[in-house]
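Comments concern the structure below.
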């Protein structure tokens, strides 16, 4: 294999490797190691602590599915909070919705936003929308201090290691419930159903104790571990399987459609199996 290759060790026994054209930027921020690289296969790629966060080639699978599912589940979302997501991809999708009046992006690391703006403009372009407020602070604390504030809350976090662990806790989900308005909707990325089944099962059980409606849905993300990714949704009122598509806005997407929205909640048997398994059982 000629050239320089980057490998992300996704599990102790699995790595994904891509050939690099060049490293565009590298630094150690106050919070993490950050790099932007240009690759043969996926174009420009954002790495945090040597973990692939997003790529120009496949980012739309993830960003469209984490954003449009909750935004179309809620019939009239006006205020949205994004925790994490400093690359701007989720915000870009949110501001496509005409009902949105304000988006608050809470990102702890200002350098992520700065580098996304410079090196990933096609992903970060929504950050300059007049409806967007960017706050560089801790998302856990931000949610803890809010009550009855947001129609939609989206958690676009890194993996559950280090400071991000708190974003996967039952205490955080209870605070999210309080921060949502009476008919609010919440979605978080919740890792790989292939490699993180116990985590997903625990999160689903936590959400079912907190929200009247709790569901899991899936999408493909080629550069993420296993290529299949899970999102956990909690809703105070609206069921994502009962969207009135006649009223939903028509927004430009590359992956998400009403049919894919519905199909994403149709879980394969292996996922149903681990969701229903006793807590002590491993997969």
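Cβ atoms are placed via backbone N, Cα and C, with glycine included.
Going by Swiss-Prot, these are the annotated features:
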DOMAIN    3-236  domain 'PABS'
BINDING   32, 107, 138, 139, 163  S-methyl-5'-thioadenosine binding site
BINDING   63, 87, 156, 157, 158, 159  spermidine binding site
ACT_SITE  156  active site, proton acceptor
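Recorded features from Swiss-Prot, shown on the structure.
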residue : record                                 : Cβ neighbours (10 Å)
32      : S-methyl-5'-thioadenosine binding site : 19
63      : spermidine binding site                : 28
87      : spermidine binding site                : 26
138     : S-methyl-5'-thioadenosine binding site : 15
139     : S-methyl-5'-thioadenosine binding site : 26
156     : spermidine binding site                : 26
157     : spermidine binding site                : 20
158     : spermidine binding site                : 20
159     : spermidine binding site                : 20
163     : S-methyl-5'-thioadenosine binding site : 15
Whole-number Å value of the largest CA-CA distance among 32, 107, 138, 139, 163, listed as S-methyl-5'-thioadenosine-binding: 16
Neighbourhood of residue 107 (S-methyl-5'-thioadenosine binding site), C-beta criterion under 8 angstroms, separation at least six: 84, 85, 86, 113, 134, 135, 136, 139
Rounded inter-Cα distance in Å - residue 158 (spermidine binding site), residue 32 (S-methyl-5'-thioadenosine binding site): 11
Site diameter for spermidine, Å, by largest Cα distance between 63, 87, 156, 157, 158, 159: 16
Between residue 63 (spermidine binding site) and residue 138 (S-methyl-5'-thioadenosine binding site): CA-CA distance (Å): 21
DSSP state at residue 156 (spermidine binding site), helix/strand/coil: strand
Residue 159 (spermidine binding site) and residue 32 (S-methyl-5'-thioadenosine binding site), distance between Cα atoms, whole Å: 13
Whole-number Å value for how far residue 163 (S-methyl-5'-thioadenosine binding site) lies from residue 156 (spermidine binding site) (Cα to Cα): 14
